[in-house]
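All remarks here apply to the structure that follows.
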Amino acid sequence: MAFSELLDLVGGLGRFQVLQTMALMVSIMWLCTQSMLENFSAAVPSHRCWAPLLDNSTAQASILGSLSPEALLAISIPPGPNQRPHQCRRFRQPQWQLLDPNATATSWSEADTEPCVDGWVYDRSIFTSTIVAKWNLVCDSHALKPMAQSIYLAGILVGAAACGPASDRFGRRLVLTWSYLQMAVMGTAAAFAPAFPVYCLFRFLLAFAVAGVMMNTGTLLMEWTAARARPLVMTLNSLGFSFGHGLTAAVAYGVRDWTLLQLVVSVPFFLCFLYSWWLAESARWLLTTGRLDWGLQELWRVAAINGKGAVQDTLTPEVLLSAMREELSMGQPPASLGTLLRMPGLRFRTCISTLCWFAFGFTFFGLALDLQALGSNIFLLQMFIGVVDIPAKMGALLLLSHLGRRPTLAASLLLAGLCILANTLVPHEMGALRSALAVLGLGGVGAAFTCITIYSSELFPTVLRMTAVGLGQMAARGGAILGPLVRLLGVHGPWLPLLVYGTVPVLSGLAALLLPETQSLPLPDTIQDVQNQAVKKATHGTLGNSVLKSTQF
């Protein structure tokens with residue numbers, strides 16, 4: 001018997017799978033808080049230069065008479081581009097002439113100002129502390145904030161490259177357990193980082209482990225669940241991220257100090273580390289690596305949890321050995337990336353699906369990690385992202401079944417891109433409309449993620465499927481790294497980053513229309529199967545055109 005029959009024997013969808021899905025889904029929710037954390041821990045508070053007349057009590061006492069704080073601000077800090085107090089410059093000397101009601105903007109010149117040589121004063125009414133205020137990541141150092149986010153996302157990229165081979169060699173559960181511990185330790189260490197480069201290093205190592213959690217969570221769910229239930233289980237796993245957005249907003253609303261917030265979202269992974277020892281190692285991996293005794297013990301344990309303890313009498317080492325031989329005989333030799341890119345039809349599919357993966361990572365992380373640019377209440381925005389993400393993903397699943405893969409993916413990307421582009425035309429003062437369009441756009445990106453995850457698996461043959469999907473996921477992570485850096489274009493115009501974020505999914509959505517439809521088609525196992533599907537489609541199209549021509553009056 002094949003492994004799928006062994007899984008049905010011990011229970012492919014029972015109490016064990018329910019408990020396993022719940023346990024892993026909890027860790028995914030807390031993992032999402034780490035990825036979205038810097039919306040709050042790295043929020044940029046309102047700030048201005050430190051000025052003696054405003055912030056030095058001795059200087060204030062030397063002023064004859066009494067001046068209001070507004071008057072002291074006017075003679076100490078020049079107006080900025082938005083006519084509010086400048087965030088990065090101050091007057092070299094108090095401009096007393098500005099107290100004259102007849103004073104104008106020409107009463108002072110740029111030469112009368114200087115950078116914030118004595119530091120900044122931050123508004124602490126919303127957040128008592130952020131990494132931006134701690135290390136002064138503003139003005140000339142403002143690029144360091146998106147750089148820190150890109151370093152975190154680069155850690156996920158590097159971790160994915162390392163954790164995949166590690167889990168194939170040492171096992172899924174062992175790498176997952178280590179990743180939980182590494183996330184807990186590195187997250188806790190980041191809270192006490194003495195300097196910004198050290199903080200970035202700890203966040204990079206934390207993100208390295210994030211990749212291990214994401215990859216091995218999905219693998220364990222897939223390898224312990226019957227084929228008929230895998231779409232449901234993987235959708236629930238994906239919804240863990242949706243619930244994680246709401247959890248992030250709730251925790252950040254209650255904890256306004258970045259150090260404590262970093263601790264609160266890191267400590268739960270110590271608990272995940274402890275209960276991960278209960279999780280079963282993948283029996284499929286154990287069998288294919290020759291660990292028959294361990295694999296038998298895990299299968300017996302799962303059978304007992306699922307109420308099928310009697311199978312121990314029939315599930316013997318000989319049966320396992322037979323299953324392993326059959327499973328290996330059914331396998332096919334792996335094909336290389338060169339094969340994927342060498343054949344024109346596969347190369348075309350690879351380029352477009354990779355572009356769609358890139359658009360997801362680039363747009364989602366570019367927008368979702370800078371909520372301050374999308375609206376005034378970032379707590380509600382973070383909550384709404386999770387609320388909208390749930391129906392977006394569920395709706396995408398329904399449309400994939402009824403409308404088809406190609407139109408659903410294209411529509412999701414086009415919706416996301418058009419909502420983002422529309423935001424470039426909305427005045428900054430219309431915060432509610434800007435927030436609504438941004439959340440709707442992110443919902444479209446979430447739907448596109450569901451589509452491309454399923455669609456890309458159906459576009460490629462079995463011998464190349466993991467290579468193609470892995471390439472797409474690498475493109476998504478590469479896009480995620482670039483996404484935050486595009487915000488630096490905002491110095492040339494606040495609309496420019498949104499223009500880039502909106503254009504990429506629109507172009508990807510249009511390109512997706514060129515892909516073949518795979519709805520109701522069997523999964524191709526070989527490259528020849530893909531070619532046969534293309535020939536059938538071309539033949540069907542030719543016959544269809546002939547029928548239409550023959551029935552015209």
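Glycine is treated like the rest: Cβ placed from N, Cα and C.
Feature annotation from Swiss-Prot assigns transmembrane segment to 9-29 (among others); the stated evidence is sequence analysis.
Sequence-distant neighbours of N56 (N-linked glycosylation site) (same chain, 6+ residues apart, CB-CB distance under 8 A): none. Positions annotated as N-linked glycosylation site by Swiss-Prot: N56 (among others).
Swiss-Prot lists N102 (among others) with the feature N-linked glycosylation site.
With a cut-off of 8 Å between Cβ atoms, the residues of this chain six or more beyond the transmembrane segment (146-166) that come close are 35, 38, 42, 131, 137, 175, 179, 196, 199-200, 203-212, 214-216, 365, 369-370, 470, 473-474, 477-478, 480-485, 487-488. As annotated by Swiss-Prot, transmembrane segment applies to 146-166 (among others), with the evidence given as sequence analysis.
Marked as transmembrane segment by Swiss-Prot on the basis of sequence analysis: 174-194 (among others). Within the chain carrying the transmembrane segment (174-194), a Cβ under 8 angstroms from the stretch's Cβ atoms is held by residues 27, 31, 34, 163, 166-167, 202-203, 205-206, 208-213, 216-217, 220, 259-260, 262-263, 265-270, 272-273, 276-277, 279, 281, all 6 or more beyond its ends.
Using a Cβ-Cβ cut-off under 8 Å and counting only residues 6 or more beyond its ends in the same chain, the transmembrane segment (195-215) has close neighbours at 27-28, 31, 34-35, 131, 135, 137, 144, 147-148, 151-160, 162-164, 166-167, 175-176, 178-180, 182-183, 186-187, 189. For 195-215 (among others), the entry in Swiss-Prot reads transmembrane segment.
Annotation source Swiss-Prot lists transmembrane segment at 232-252 (among others). Sequence-distant contacts of the transmembrane segment (232-252) (same chain, at least 6 residues past either end, Cβ-Cβ under 8 Å): 17, 21, 24-26, 28-33, 36-37, 39-40, 217-218, 221-222, 225, 261, 264-265, 379-380, 382-383, 385-387, 389-390, 393-394, 397, 446, 449-450, 453.
The transmembrane segment annotation in Swiss-Prot covers 260-280 (among others) and is backed by sequence analysis.
The annotation transmembrane segment is assigned in Swiss-Prot to 351-371 (among others) on the grounds of sequence analysis.
The transmembrane segment annotation in Swiss-Prot covers 378-398 (among others) and rests on sequence analysis.
Residues 356, 359, 363, 367, 374, 396, 399-400, 433-434, 437-438, 440-445, 447-448, 451-452, 455, 495, 498-499, 501-510, 512-513, 515 of the same chain sit 6 or more residues outside the transmembrane segment (407-427) yet have a Cβ under 8 Å from a Cβ within it. Summarising the annotation, Swiss-Prot assigns transmembrane segment to 407-427 (among others).
Under the heading transmembrane segment, Swiss-Prot lists 435-455 (among others), citing sequence analysis as support.
Among the features that Swiss-Prot reports, transmembrane segment is placed at 466-486 (among others), with the record citing sequence analysis.
Residues or ranges marked as transmembrane segment by Swiss-Prot: 495-515 (among others).
Residues or ranges marked as phosphothreonine by Swiss-Prot: T542.
Between the transmembrane segment (495-515) and the transmembrane segment (435-455) there are 3 or more Cβ pairs closer than 8 Å, counting only residues 6 or more apart in sequence, so the two stretches are in contact. Outside the transmembrane segment (351-371) by six or more residues, the chain places 36, 38-39, 146, 149, 153, 378, 381-382, 385, 409, 413, 416-417, 420, 438, 441-442, 445-446, 448-449, 452, 455-456, 459, 468, 471-473, 475-480, 482-484, 486-487, 497, 501, 504-505, 507-508, 511-512, 514-515 with a CB less than 8 A from a CB of the stretch. Same-chain residues lying 6+ beyond the ends of the transmembrane segment (378-398) with a Cβ under 8 Å from its Cβ atoms: 36, 39-40, 43, 231, 235, 238-239, 241-246, 248-250, 252-253, 368, 371-372, 408, 412, 435, 438-440, 442-444, 446-451. Following the DSSP three-state reduction, the secondary structure of N56 (N-linked glycosylation site) is coil.
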